[in-house]
């Protein structure tokens, strides 16, 4: 087996435990999207063209609340801003690859493919750019087809569910469940606390703009606390 | 229900914006390191946005006409707690969902 093929398999194997989360999460997106009034075609177009779970949920939630388009976009894109870090981190490893390769990787740059690739590069820093790319796409093959198929299954389930099973609380539970494991340091906890407190205080602000203010202040507070701790330590 | 006009504006804009974020450095090879204050902020985007997105709906759910609902509040609390303890998103969703439906069944 060529080194590139081996690398591909390593990526595939390393990312496969993540399917346990990705599958149900995608089903949930399909269900919630159709419950919110999207048809199966719209749901699939959404999930294929955006391909970023958390921001898809965020967009559904704010659209359901009839927030203005600009607020929907600002919220959903803010959720994706962490990917700037992913893009920065991977860039030096793939610079020698052709642009079309990097353009394709950008589409598939998600939490799972990023985490797998970075961990593998850490373990085998001597890999060539083509081997690293193979690891990346191994991880993509493990999660992306499943994401699309499970979204589709969810959309079909959601279409079949009678409206009295109103899943109004599926979104809040999903978001809380995504946030809780991220609260692993004091700055993360403080940021989340400020985010909750301000969003409640500012809930009366028009067009969901309270959310944007709360999120911006919370982000700056998290960064500030981190900086303050570094300064002391 | 989602307004379809809004949806068809959001869809391409969000798809394009998300792709631009991913392509930013990988595509342009701007491998210069980001300023420290910026990476520091980026680290906290998710924990800053997601709680603000849900907190008002947890306390004042639209489904009950904005009246605080013990079942939904408890479900949110259980979700957060299980997620913190187990560090597992799936475990937290299952625990929160089970709490909600159990309490709604008892109350209903």
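The backbone N, Cα and C atoms fix where each Cβ goes, glycine too.
Heads up, TrEMBL stuff is auto-annotated, nobody curated it.
Residues or ranges marked as transmembrane segment by TrEMBL: A:12-34 (among others). Within the same chain, residues 40, 42-43, 46-47, 53, 56-57, 60, 112-113, 116, 119-120, 135, 138-139, 141-143, 146-159, 161, 167, 170-171, 174 sit at least 6 positions outside the transmembrane segment (A:12-34) and bring their C-beta atoms closer than 8 Å to a C-beta of that stretch.
The feature transmembrane segment is assigned by TrEMBL to A:40-60 (among others).
The transmembrane segment annotation in TrEMBL covers A:67-84 (among others).
Outside the transmembrane segment (A:104-122) by six or more residues, the chain places 7, 10-11, 14-15, 18, 22, 51-53, 83, 86-87, 89-90, 93-94, 132-133, 135-140, 142-144 with a CB less than 8 A from a CB of the stretch. For A:104-122 (among others), the entry in TrEMBL reads transmembrane segment.
Here TrEMBL flags A:134-157 (among others) as transmembrane segment.
The transmembrane segment annotation in TrEMBL covers A:169-186 (among others). Outside the transmembrane segment (A:169-186), and at least 6 residues removed from its termini, the chain residues within Cβ reach (under 8 Å) are 25, 28, 31-32, 35, 54, 57-58, 60-61, 192, 225-226, 229.
The transmembrane segment annotation in TrEMBL covers A:198-220 (among others). Long-range contacts of the transmembrane segment (A:198-220) within the same chain: residues 62, 65, 67-68, 71, 74-75, 78, 191-192, each at least 6 residues beyond the stretch ends and with a Cβ under 8 Å from a Cβ of the stretch.
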